[in-house]
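Pulled from TrEMBL, these are the features on record:
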DOMAIN    7-170  domain 'GTP cyclohydrolase II'
BINDING   R49, V50, H51, S52, E53, Q70, E92, G93, R94, T114, T149, K154  GTP binding site
BINDING   C54, C65, C67  Zn(2+) binding site
ACT_SITE  D126  active site, proton acceptor
ACT_SITE  R128  active site, nucleophile
Amino acid sequence: MSLRFVASSRLPTPWATFTMHGFEDSETGKEHLALTLGDLEEDQAVLARVHSECLTGDALFSLRCDCGFQLQEALKRIAKEGRGALLYLRQEGRGIGLLNKIRAYHLQDAGADTVEANERLGFAADLRDYSMLIPMLKHLNIQKVRLMTNNPRKVAALENYGLQVEERLPLTTGMNPHNAGYLDTKASKLGHMMSADDFNPKDSED
Ligand SMILES: Nc1nc2c(ncn2[C@@H]2O[C@H](COP(=O)(O)OP(=O)(O)OP(=O)(O)O)[C@@H](O)[C@H]2O)c(=O)[nH]1
Ligand SMILES: [Zn+2]
């Protein structure tokens, strides 16, 4: 694995002051991040979120997806617990990159769903590779996690790498009229463990 730790610093946020750790993958040129809080050395499983980059949702307030809402909710939950880690992976667009995601959105504007759009562009529905998590979690001394996700592929990927997922915690937040179809497709075609009833508007408050 070509990943190396580069530096860490404080990162104050509205919910807690995290420690931010930067990593560089010399093979792909990608710069991955981890935000951590509290003592991760203890044996207890770490509350964790593995978050795939979504510039539009995470930084530009897009309502097309649930990413930005999930990012905030995960950080809030970690802050509330006082201990945890958010692994921010630069796998924009489920691995196809930002410009191809815009191409996919263009097809979705004309009626395709998120999976059909990827396929029409010649990509698999989900191209993500999670192998960078092995050195990242090793560096952070994390072996056991309680993972906030609805995505069974993420759980399986971590377990395949020998990491222990002690518990899966649902992360259903941010449903709105613009992303209801997208969330529905995630559940029906990508296997996400969630349904419309799981979404509580109160989740993203406080
Ligand atoms: N190709 C493509 N990528 C998308 C689209 N909408 C969101 N994404 C990307 O999907 C990734 C988020 O993955 P999701 O499947 O929403 O969620 P997940 O992270 O796998 O699952 P959870 O842990 O339950 O959130 C990010 O990299 C987003 O940029 C889309 O319509 N097309
Ligand atoms: Zn998104």
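From the backbone N, Cα and C atoms, a Cβ is placed for every residue, glycine too.
Annotations in TrEMBL come from automatic prediction, not curation.
Overlay of TrEMBL feature records on the structure.
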residue	record	DSSP class
R49	GTP binding site	strand
C54	Zn(2+) binding site	coil
C65	Zn(2+) binding site	coil
E92	GTP binding site	helix
D126	active site, proton acceptor	coil
T149	GTP binding site	coil
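Across the fold, the C-alpha of E92 (GTP binding site) and the C-alpha of C54 (Zn(2+) binding site) stand 5 Å from each other. Listed in sequence order, the recorded positions near H51 (GTP binding site) (C-alpha within 10 Å of its C-alpha) are C67, out of C65, C67, D126, R128. A Cβ distance below 6 Å to any atom of ligand 2 is met, among the binding-site residues H51, E53, C54, C67, by C54, C67. As a whole-number mean, the pLDDT of the domain 'GTP cyclohydrolase II' (7-170) in this prediction is 96. Checking the recorded positions (R94, D126, R128, T149) against C54 (Zn(2+) binding site) with a 10 Å Cα-Cα cut-off leaves R94. With a 10 A radius on its CB, C67 (Zn(2+) binding site) counts 20 other CB atoms from all the protein chains. Taking C67 (Zn(2+) binding site) as the reference point, none of the recorded positions R94, D126, R128, T149 has a C-alpha atom within 10 Å of its C-alpha.
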